[in-house]
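Undergrad: Following this message is one structure expressed as structure tokens.
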Amino acid sequence: MLRNSTFKNMQRRHTTLREKGRRQAIRGPAYMFNEKGTSLTPEEERFLDSAEYGNIPVVRKMLEESKTLNFNCVDYMGQNALQLAVGNEHLEVTELLLKKENLARVGDALLLAISKGYVRIVEAILNHPAFAQGQRLTLSPLEQELRDDDFYAYDEDGTRFSHDITPIILAAHCQEYEIVHILLLKGARIERPHDYFCKCNECTEKQRKDSFSHSRSRMNAYKGLASAAYLSLSSEDPVLTALELSNELARLANIETEFKNDYRKLSMQCKDFVVGVLDLCRDTEEVEAILNGDVNFQVWSDHHRPSLSRIKLAIKYEVKKFVAHPNCQQQLLTMWYENLSGLRQQSIAVKFLAVFGVSIGLPFLAIAYWIAPCSKLGRTLRSPFMKFVAHAVSFTIFLGLLVVNASDRFEGVKTLPNETFTDYPKQIFRVKTTQFSWTEMLIMKWVLGMIWSECKEIWEEGPREYVLHLWNLLDFGMLSIFVASFTARFMAFLKATEAQLYVDQHVQDDTLHNVSLPPEVAYFTYARDKWWPSDPQIISEGLYAIAVVLSFSRIAYILPANESFGPLQISLGRTVKDIFKFMVIFIMVFVAFMIGMFNLYSYYRGAKYNPAFTTVEESFKTLFWSIFGLSEVISVVLKYDHKFIENIGYVLYGVYNVTMVVVLLNMLIAMINNSYQEIEEDADVEWKFARAKLWLSYFDEGRTLPAPFNLVPSPKSFYYLIMRIKMCLIKLCKSKAKSCENDLEMGMLNSKFKKTRYQAGMRNSENLTANNTLSKPTRYQKIMKRLIKRYVLKAQVDRENDEVNEGELKEIKQDISSLRYELLEEKSQATGELADLIQQLSEKFGKNLNKDHLRVNKGKDI
């Protein structure tokens, strides 16, 4: 017995000295954190050592037997036993400590366990009575501190993490799916921050008190909201939530520029989440669910197509990888060749023949669609591909008319500006020039058809959405200029007609050569060189030229349909944006030198070899064409011997050329090259995104016939008009019937019995509806549940497949340490039991030996 106790004491002393030696070696330089006069008793030191290294038997024995132990004592870093046990992943020690009442720092231990991903320890801590009501999980450490509560405190100096970090936010930051799920079941949620420009009392007070902490708290909240773990587990529609959140974060990146990179990273994180969910789809039904939203309300038929609401939202928010994903593109391609499934697999030659056939027979196809819009041919024409071909062919014909309208002047001007030709001697010259030709009449019909199409688009999308698309602005500008041009031309024609009417009524001669006419009438007989600069016909011709240029530039709209020209069109658009950015600096430098050179030479008008810089207009022309090397150095030379002015002019002109040509133009070239490289590096995604935008404009119902065939209403249009009138009448009748029913119900409620019966019936119907809603999840919800399950499982597998890091090695080391103490305890118990057995055996055999010895002695005596 003495030998056994001696062995135990030697073993315990050896273990304790070894532990103290290890801790002393680690802690040595850090005793500076201790306050003066504070120290631990040997019992507390041993207790903290046992908790840190997972010595379960010692911790259990000290908690059960010691009367003087302070289990909330802290070490040199201010950590108590619970924090040390959690930090080293000792679940059994943590469970033993959580059984004690008035245990401190439970909240910090929870945050520590979440940050390290210790799920079982998190579950054990959440079962603590402190989290019974759930309020601890909804309040941030700062709010707890304001309530004079150090629940989340790391030590007396503050919290381990930021004051606004709640357990659910920390779990979301760490992408701990299981912990996030546990906290969500406990009722924890991440509150979405208020709008950046919110002026409520709470936001105003936080901004006034500490603007930096307010911004950081918003950033931490958005980091939690944008985490894949929180998005996938907290939202009923994770795809929609992620898309909207990505747009909000992108908007905040432009507002809070100090956190621009952080917000952009979070926005990209949301976009990657959406792409990851789409990548896990296994069949068409799941792809449709993501692209369209709730598939229960999507009807595939001849008259209805899926809404593609998620794709429209992704295009609006520029989630390019989502739109360019193969699953999304395959679905869009299927819809693009709707009712033309055989054409999809055909060669380019066959497709070209189909396009050529549509080009030749477009008028006949339009007539057939007017007569039978619901026939097989009508359904074929309503397919997106055929609508695209029809509109492209129509616009090509329109461009051809513009070319034909100018063909009479291709060989050069047949009449000089000072010459006039008329059909008969008494005809006024302007009547002949202002008449509309047959090509111009056709152009006007096309313009009216395009205006009607744009009006329908504005009616369907709304003015705000319409303005957001740059191509719509181009169409609006082009059509507006055409209308202004034709209006000015028509006004000139009216004035000329009035003059011709005056001549027909008041002039009796056969010719107008020797006739004295009033000035307002004689003006319309003059040749072009005598027209006023503000003449309506001159204005009309200038506007018409601008409209023609815009019309041909609109060809770029259909270029994304081709894989070769699509990236070039995207690069061109990006180049235009770069030029607009460059124009800010360009205009600033240009105006500075223009005003400076004008001030220098404005006093020398007529005293220069050319009029450069003598007026603002001449200064503009000289400096602008100097960029392209079309201005001469003689522009700064004076006829007088004013060398100082000339030298200043030479210097300014030279500095201007160096600044504009050498510096700024090369900077513009570098910007354009950089934009092109960005497009080229991700050309496939950029092109597919642009092509999807083009396709989507033809997926909507309506606008089947292109201009000008859309000006003639089809029988289908009359049918839809009648149906809309019918629906309006039905709604009106229902509203009247509902008002009568409400009056009747009010009469019923006057009776107590009827009132009770009415309320009971309403309650039963509401309960039945609620039960049906709760018991039957929608088809969309089932699909999203499957996809989110796959996403979570994939995320966990990817995380497990990562290389073993230093933290995991440390966890293994702590497990081995805890196992060592358990083995030592079992060994000690086994040694004690063996010593007891040996003692019992020795006692038993000792008695038997004594009896035999007595017998032998008695025998000798006898």
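Cβ coordinates come from backbone N, Cα and C, glycine included.
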Undergrad: Can you tell me which of these residues Swiss-Prot lists as N-linked glycosylation site: N418, N514, N771?
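TA: The N-linked glycosylation site feature in Swiss-Prot corresponds to N514.
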Undergrad: Based on Swiss-Prot, do S307 and L381 face the same side of the membrane?
TA: no
Undergrad: According to Swiss-Prot, phosphothreonine sits on which of T15, T138, T159, T422?
TA: T15
Undergrad: Below 8 Å between Cβ atoms, which of the listed ranges 352-372, 466-486, 582-602, 652-672 makes the most pairs with the transmembrane segment (538-558)?
TA: 466-486
Undergrad: What are the DSSP helix, strand and coil residue counts for the repeat 'ANK 3' (108-134)?
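TA: DSSP composition of the repeat 'ANK 3' (108-134): 20 helix, 0 strand, 7 coil.
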Undergrad: Including all protein chains shown, what's the count of other C-beta atoms within 10 A of the C-beta of N514 (N-linked glycosylation site)?
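TA: I count 6 other Cβ atoms within 10 Å of it.
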Undergrad: Pull the DSSP breakdown for the topological domain 'Cytoplasmic' (559-581) and write it out as helix, strand, coil residue counts.
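TA: Final tally across the stretch: 19 helix, 0 strand, 4 coil.
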